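Novice: For reference, the structure I am asking about is given below.
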C-alpha cells in the first residue's frame, strides 16, 4: 500500500510539473507575440506617418519602386504563404523568426524612432531564443553556419528627406518583416497550446 502511495505521489508531482512547464511555455509565447504585435503596429504607424508627409507625386513614384525592391530578409529562407507556414514545424517557425529579428539588429538603429526599436528587437530576439532552447531541450538551437551576411549598405542609410527612396524601402521592409514574424509566432504559439484550430 505504501509503495502504491509513493508511486501515486510521483505521478501527481510529475503532472503538476508538466502542467507548470506548459503554463510557463504559454506565458513566454504570449509575451513574444505581444511584443512583435507592438513592433508591427509601430512599423505601420511609422510607415503611415512617412507617407502622409510625402507629396502625391512622390507617393505615387515610391509605390511603384518598392514591389521591385529587394529586402535584406529576402535572403533568409522562410515559409512562403499560408500553406507552407501551416506545414512548418514550431522549431522552424521560431528559427525563421529569430533570423528575421536578427536581420534588423543594425538597420533598426537608422529608423530614427524615439521608442528604442533596437532595444525592443533585442528583447524579442532573446525571448525567441529562450523558446527555441525549450523546443530543443537544451541542444544547440542555431548552427554557426546559419548566421547570415551583414545587412546591405543601403539599410544603413538614415531616414531623411533627401533620400526618400531608401527611407521608404527601409520602412517598407521593416513593416513587412514584422508582419512575417507576427504570423510565424502566432502559428507557433497556437501549435504549442491546446487549440486544435491553428488556421490563418
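Using N, Cα and C of the backbone, Cβ positions are placed for all residues, glycine too.
Here's the feature list from Swiss-Prot:
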BINDING   38, 182  Zn(2+) binding site
DISULFID  71-173  disulfide bond
DISULFID  190-198  disulfide bond
SIGNAL    1-22  signal peptide
Novice: Out of the recorded positions 38, 71, 173, 182, give me the one sitting nearest to residue 198 (disulfide bond) by CA distance.
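Specialist: Looking at Cα distances from residue 198 (disulfide bond), the smallest one goes to 182.
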Novice: Could you tell me the C-alpha distance between residue 173 (disulfide bond) and residue 182 (Zn(2+) binding site) in angstrom, no decimals?
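Specialist: Computed Cα spacing between residue 173 (disulfide bond) and residue 182 (Zn(2+) binding site) is 14 Å.
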Novice: Just to verify a number: CA distance, residue 38 (Zn(2+) binding site) to residue 71 (disulfide bond), in angstrom, no decimals.
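Specialist: Answer for this pair: 21 Å between alpha carbons.
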Novice: Cα-Cα separation of residue 190 (disulfide bond) and residue 182 (Zn(2+) binding site), in Å?
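Specialist: Here the two Cα atoms are 12 Å apart.
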Novice: Expressed to the nearest Å, what is the distance separating residue 71 (disulfide bond) and residue 182 (Zn(2+) binding site) at their Cα atoms?
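Specialist: One finds 17 Å between the Cα atoms of these residues.
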Novice: Out of 173, 198, which of the disulfide-bonded residues is least crowded by other Cβ atoms within 10 Å?
Specialist: 198
Novice: So if I measure Cβ to Cβ from residue 182 (Zn(2+) binding site) and keep only same-chain residues at least 6 apart in sequence, which ones fall under 8 Å?
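Specialist: Counting only residues 6 or more apart in sequence, the Cβ neighbours of residue 182 (Zn(2+) binding site) under 8 Å are 33, 36, 37, 40.
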Novice: Is residue 190 (disulfide bond) helix, strand or coil when read with DSSP?
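Specialist: The three-state answer is helix.
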